[in-house]
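Peer 1: I have a structure here, written as structure tokens, and I will follow up with some questions on it.
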Amino acid sequence: MEWIPPNHPRRTSLLMREKVVEGVREGYVALQGLIAHGRGECFDYLIGEETPPPALEAERAAAAALLSAQLPVISVNGNVAALAPEAVVELARIVGARIEVNLFYRTPERERQIEAVLKRAGAAEVLGVGEDAACTIPELFSERRRVSCRGIYAADVVLVPLEDGDRTEALRRMGKTVVAVDLNPLSRTSRAASITIVDNVVRALPNIAKFAAELKGLPREELLSIVKNFDNDANLRKVLEHIARRLAELSQRGVALQFDVGSG
Ligand code: PTJ
């Protein structure tokens with residue numbers, strides 16, 4: 001990625017894109033992951049490519065949910081493995097979560113590759129690979145239904161970054177608390193999750209970890225009350241208001257770049 005100049009104004013975004021492309025070349029990111037990433041980039045633009053204030057609230061609630069869980073699990077797909085493997089491992093360490101591979105476009109080869117990526121990033125154990133995915137999420141018909149009996153199946157809190165809506169709904173029907181990370185505040189996942197974080201996964205996971213480190217000493221009742229007081233629908237409305245306000249300001253101020261052509 002040396003070809004991206006250090007001072008390129010879109011460097012961070014280009015680096016992220018390259019990681020996903022590299023994952024496709026290596027074979028563990030689905031081709032469809034490129035489309036998902038592009039959609040994410042668009043929504044990231046709309047929120048200003050930084051964590052909006054309502055997402056910080058959701059990240060704090062997510063930290064409380066994971067810390068108060070009996071069995072928290074972080075679900076990992078191809079895009080997440082490409083973009084934030086270290087952040088997954090670090091968050092799992094802080095909140096004591098298990099890590100599980102769960103793919104929409106499932107192949108045994110991709111499962112094993114993602115396991116290897118996570119292990120290189122420091123994971124001691126990765127669930128959901130091969131025979132380990134022996135349990136089934138009821139009323140779900142995609143390949144995502146196959147999960148580890150020691151992981152997502154048994155979990156009370158599941159973190160699902162970059163998800164499709166069906167599994168979120170099925171996990172909710174099983175009585176689980178679902179924490180989603182999705183830049184699209186209008187997606188079915190966002191609307192079905194218990195706690196939706198409208199932020200880029202590369203910012204969201206470290207933010208949750210930071211909140212978790214702060215909240216770690218609190219009694220379980222206090223953590224549970226943070227979760228109980230979080231209103232997902234109200235939070236999503238705040239995100240939409242944030243985007244609407246930004247667009248209104250930009251439309252008034254003007255968005256064209258100004259060039260100083262000098263006098264000489
Ligand atoms: O690895 P697999 O086989 O499990 O497949 C993974 C993808 C992502 C291809 C699959 O889950 C999929 O098709 O997802 P969707 O339905 O396209 O949804 C992905 C959602 O994630 C969209 O709403 C995007 O806006 C959002 N998104 C994309 N990139 C990011 C993101 N959200 C947070 N951070 C991102 N970097």
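Glycine is treated like the rest: Cβ placed from N, Cα and C.
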Peer 1: Taking TrEMBL at its word that ARG17, ASP182, LEU183, ASN184, ARG188, THR189, ASN200, VAL201 bind ATP, choose the one of ARG39, ARG172, ARG173, ARG220 listed for that site.
Peer 2: ARG39
Peer 1: Among ARG17, ASP182, ASN184, THR189, VAL201, which binding-site residues lie by ligand 1, judged by Cβ under 6 Å to any atom?
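Peer 2: Cβ < 6 Å from ligand 1, in sequence order: ASP182, ASN184, VAL201.
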Peer 1: What does DSSP call ARG17 (ATP binding site) in the simple three-state scheme?
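Peer 2: In three-state terms, ARG17 (ATP binding site) counts as helix.
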Peer 1: Quiz question: given the binding-site residues ARG17, ASP182, ASN184, VAL201, which has the greatest number of C-beta atoms lying within 10 angstroms of its own C-beta?
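Peer 2: Max Cβ neighbours within 10 Å, all protein chains included: ASP182.
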Peer 1: For a quick check of understanding: given the listed ATP-binding residues ARG17, ARG39, ASP182, LEU183, ASN184, ARG188, THR189, ASN200, VAL201, what is the maximum Cα-Cα distance in angstrom, as an integer?
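Peer 2: Looking at ARG17, ARG39, ASP182, LEU183, ASN184, ARG188, THR189, ASN200, VAL201 as a set, their Cα atoms extend up to 24 Å apart.
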Peer 1: Test of understanding: give the count of other CB atoms lying within 10 angstroms of the CB of THR189 (ATP binding site).
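Peer 2: I get 23 for this one.
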